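So that you can see what the record holds, here are the features copied from TrEMBL:
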type	residues	note
DOMAIN	2-167	domain '3-hydroxyacyl-CoA dehydrogenase NAD binding'
DOMAIN	171-226	domain '3-hydroxyacyl-CoA dehydrogenase C-terminal'
Amino acid sequence: MLFACSGYDVMLYDVISDQLQSALVDIEAQLSALYKEGLQRSSLTLAEVKGHICTTTILEECVTGAIYIQECVPENRDLKRDVWRQIDDVITPDDVVFATSTSAIVPSLLSDHLKKRHRFMVAHPANPPLLNPMVELVPAPWTEPAAVDRARALMEVIGQVPIVLNKEIDGFVQARIQAAIIHVAWQLVSEDYVDVESLETAMSEGLGGWYAFMGPFDVEHINADGFVDLCKKYGAKAEQVQKTFPKPELMQGPAAKKLTRDLQQWTPSNRLTDRCRWRDRRMSALLQLKRKLDEEGKREELK
Ligand SMILES: NC(=O)c1ccc[n+]([C@@H]2O[C@H](COP(=O)([O-])OP(=O)(O)OC[C@H]3O[C@@H](n4cnc5c(N)ncnc54)[C@H](O)[C@@H]3O)[C@@H](O)[C@H]2O)c1
């Protein structure tokens, strides 16, 4: 959707043709919602965007002549390696970008067997990509910088906000931060320091207010007289708190059951889709607000 909105021709490939038909229906629904909210990415009409998307069940037809390939097959290392081997065997120009959506597999584990491994990287979108523009670009040790530059430029053209890691690490950036948050949140709830509702409120009504607009270091930098002052005043306390973090453990047992019961009270399993729509409506409103503020900021700078 993001590439088509910018006028690129997109070819979707799947081994199950029904999946391609469902994808087209889903794309129509998602784009209609986007246009209704006034969040379309370009001056193209909805019909023009749809006209840029084709489907095929033949891999060679999909990748031949492509400038950018985004693989999104299920999160299974052997399957992904095999799909990439097939792509690698099809003649593609040397400046093509090989990108995988993997959420958790470092790129070296998916690309060491490829002839074009120097063009390979992770391009991990944040969910849902239409409303959440950040995308993590993670090179393998052998990825050439020109390939990353090309991917970054393409992401910027389609209106995404890429971040580039200098080297691979488990969880990349976003999932590592989320893992740290979940680790601490699990301790607070499972050891009964706070109930799950209050924990969620601390994020949505407290920390979330900052983090929609700035990152943790920037937050700390302006919370004191700069980051150095912050470290001087609160660094030792932060270290003391960090020392009380527990060892990682699987989230299971009676505490997990209680947590599930509490979460079910807000969102029963049969209403998860509604809750996703609720989230997307709010993310859409936030994105609109951020765009408006950015525009106003630009005008202020020009005065
Ligand atoms: N769902 C998310 O929120 C999300 C976000 C970021 C990244 N990712 C990553 O994207 C990838 C896909 O996740 P998903 O949730 O969309 O999976 P999914 O299971 O919903 O979709 C995978 C698709 O791949 C197709 N497929 C299976 N084998 C194939 C093959 N050999 N060749 C071509 N197509 C094949 C399936 O038919 C299916 O349509 C995973 O690596 C996941 O970690 C997912």
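Note that Cβ sites are derived from N, Cα and C of the backbone, with glycine treated the same way.
Note on the domain '3-hydroxyacyl-CoA dehydrogenase C-terminal' (171-226): its mean pLDDT in the predicted model is 96. Broken down with DSSP, the domain '3-hydroxyacyl-CoA dehydrogenase C-terminal' (171-226) shows 41 helix, 0 strand, 15 coil.
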